[in-house]
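Student: Have a look at the structure that comes next, please.
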């Protein structure tokens, strides 16, 4: 926080405006900003308005009834809790898997690292529908893993298919590339010199990680966390195909409320609640980006 | 590097979707084409494109017909809304025939005169229709499918396969973990299994449920009995109460030998057997005390269609013996016409599986009540909380 305010005052002097390039810049950004306003900002406010103002016989009136219904409905709350739980578990697993991977990719110089990188990025090119069906065939009941275990005379696995762990496994696999890429990018800020200096001073790997590397990639970790939370919170295909019938994650729940229960206002309410939660993590991301920029000036 | 990539990707996607939005406008302007809208799976649109349309050339060599995929039921409802909005004006609704739609899905459309009354058109069509399949004069049922129980014949002998609801319940409890049905909103095989439970809880009388008699009170009176029956089954289902997320997934679990029995659509299971997904000797059985529900896909034609006469010709052709026989052989479905109007050889071959009556369950408001009721009362399970 102190960083932010001190560099903020330092910036006040020379802006782009003073040398006449402001207008061109504004024109250049106007198209994407207009698009953002039209396709994202406007629908958000439209959605919020639709949930707050209900049509009645005498016209529209302010009403919080859908929110009241949502937060007093045990079924809906169970769905929200499941979504939060899956998101938290996925984020923790992703960091646990991707941080070692990113550290390896950042510091390894061998040719094997290239292969590992290729493998780590592979999930990026697999559409989630394909992944969902592939997972049913592998870790699903009597799937590939069971066949191997059976051939070795071992008992079958307790299949995660149709339990909350099904989508968790799929979502973690699906999000490995982006998480790894962002962490590797963050680790790029850690200079080899600092690491070598610490090593020369006799730092053990754990101390190196704790005192040299982690403090420098805190920002990247925050970005990673907000990105994964945003994408997992809104996941649809994997929970739809691999998850249990109940509780549902918010994505399938919203879709079902909209097209099956045919209650668009409730579906929009669920969406508003979902993006209110996501907005908190979005704010983290924006704040960390802003902080980064300020630091660079 | 990533941010550049995603920004470029976003621009590409944005312009592509803008182009996609603009495309139908150019393509579907009044160009003399008869527009057939379908919301069904690709096997159905393929059947139209590769079987029905080439054959239609012999009836009307000059007709130009285009099959448009509306995606799903919601897509078709949007098209019907457009036709409804165009009614009474000169605007062309740009749709001439719905491949599978029911007039009740667009509120007030029957009273407004949106749909062609097939009883009054003078085309030889409605008389051929199987009386068991008829619903209104405004729709032509042209293909049907029914839900059956499919089972692994290596584990269940044909004579032990359940033939009544009670036998089936007993079988499920005697073989815990060996039965699964899919969530009722994710596919009709599980959906109609749930509806069969509703029939069971209400005296096995399909007449008790009609499109018109839905009310929240009546649903609250008739549905809880079914939830009780289904909750009673849950502990003996796969994983103590898991439900697959679609027709295909149920078939997949049967194919992988995970479960021994599951409800399936007749056409889908016949195709799965033909493609080798399921073994040749997969057992199929229908409950004899009251069959599992089926459904018919119904052709509707808007009265304000620009090419209404050709659309009616096409509808009549679809109900011809030629096409109806191919619905059995190529689609694995049931014909929409009475069995007297299909090829005699086929009639004999399928004598055993021809259902005398196919119970149906009305859609409309019942769908939402049943599906959401199931999610709230059955899906969470008693033990799983």
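Cβ coordinates come from backbone N, Cα and C, glycine included.
From TrEMBL, for reference:
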DOMAIN    A:80-285  domain 'ABC transmembrane type-1'
TRANSMEM  A:26-45  transmembrane segment
TRANSMEM  A:80-105  transmembrane segment
TRANSMEM  A:112-136  transmembrane segment
TRANSMEM  A:168-190  transmembrane segment
TRANSMEM  A:220-242  transmembrane segment
TRANSMEM  A:267-286  transmembrane segment
Student: Ranking A:112-136, A:168-190, A:220-242 by the number of C-beta pairs under 8 Å to the transmembrane segment (A:80-105), which range is first?
Tutor: A:168-190
Student: Other than its close neighbours in sequence, what residues sit by the transmembrane segment (A:267-286), given a CB gap under 8 Å and a spacing of at least six beyond its ends?
Tutor: 44, 47-48, 50-51, 66-67, 69-70, 76, 80, 83-84, 222-223, 225-227, 229-230, 233-234, 250, 253-255, 257-258, 261
Student: Do any residues, 6 or more residues outside the transmembrane segment (A:220-242), come within under 8 Å Cβ-to-Cβ of it, and if so which ones?
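Tutor: Residues 83, 86-87, 90-91, 94-95, 98, 128-129, 131-133, 135-136, 160-162, 166-167, 169-171, 174-175, 178-179, 182-183, 185-187, 189, 214, 248-252, 255, 274, 277-278, 281-282, 284-285, 288-289.
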